[in-house]
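Swiss-Prot has this to say about the protein:
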BINDING   92-100, 104, 133, 164-176, 187-188  FAD binding site
DISULFID  135-138  disulfide bond
DISULFID  164-181  disulfide bond
DOMAIN    88-188  domain 'ERV/ALR sulfhydryl oxidase'
REGION    1-59  region 'Disordered'
């Protein structure tokens with residue numbers, strides 16, 4: 001959401017090609033934007049009226065960068081000879097990868113035998129985290145999964161395995177392969193047994 005001192009965002013009725021889930025709108029051909037989707041405006045004033053914007057892309061709001069992957073958005077744009085900056089806000093895929101890396105590393109360094117207070121704090125952290133995750137569609141999905149399978153914070157191993165199973169559920173939903181949960185410590189704490197991380 002734009003700060004009060006920032007421009008209002010996009011003109012009324014504008015639609016974007018970087019919709020949640022990578023959906024494509026037929027209404028995007030008349031928009032002019034920069035390489036990151038900023039400054040959308042119509043090429044011509046007589047463009048047809050757009051359907052209501054999906055949740056998160058309403059009038060006056062900047063598009064949710066964390067809600068869509070950059071590649072999906074770029075496929076809908078004209079070919080450009082622009083080198084993209086590396087210090088731009090993360091897209092949905094980058095945010096997801098970095099979030100899972102953080103969570104798995106957090107679980108890998110969780111105490112082997114946590115105190116009751118640590119167990120409660122970690123379970124609470126996971127619940128709060130799922131409420132504030134920037135991609136609302138993703139956050140809602142994680143909350144539903146957590147409701148079905150509460151975080152097991154009783155030990156480091158239990159928590160790491162619970163998180164790996166949760167991640168594999170999401171991977172299956174996205175058509176990605178499962179990770180072998182017996183190897184979480186190799187991946188996130190100790191390094192691969194072949195010594196390639198030493």
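Placed from the backbone N, Cα and C atoms, the Cβ positions cover glycine too.
Overlay of Swiss-Prot feature records on the structure.
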{"residue": "92", "record": "FAD binding site", "DSSP class": "helix"}
{"residue": "100", "record": "FAD binding site", "DSSP class": "helix"}
{"residue": "135", "record": "disulfide bond", "DSSP class": "coil"}
{"residue": "164", "record": "disulfide bond", "DSSP class": "helix"}
{"residue": "169", "record": "FAD binding site", "DSSP class": "helix"}
{"residue": "181", "record": "disulfide bond", "DSSP class": "helix"}
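A helical conformation is recorded for residue 187 (FAD binding site) in the three-state DSSP classification. The Cβ of residue 181 (disulfide bond) lies under 8 Å from the Cβ of 161, 164, 165, 168, each on the same chain and at least six residues away in sequence. Residue 135 (disulfide bond) sits 7 Å from residue 92 (FAD binding site), taking the CA atoms of both as reference points. Under 8 Å, Cβ to Cβ, and six or more positions away along its own chain, residue 138 (disulfide bond) finds 67, 92, 96. Taking Cβ-Cβ distances under 8 Å and a sequence gap of 6 or more within the same chain, the neighbours of residue 169 (FAD binding site) are 145. Residue 164 (disulfide bond): 22 other CB atoms within 10 A of its CB, across all protein chains. A mean pLDDT of 97 is what the model gives for the domain 'ERV/ALR sulfhydryl oxidase' (88-188).
Proximity of residue 173 (FAD binding site) to non-local residues of its own chain (separation of 6 or more, Cβ distance below 8 Å) is seen for 141, given in sequence order.
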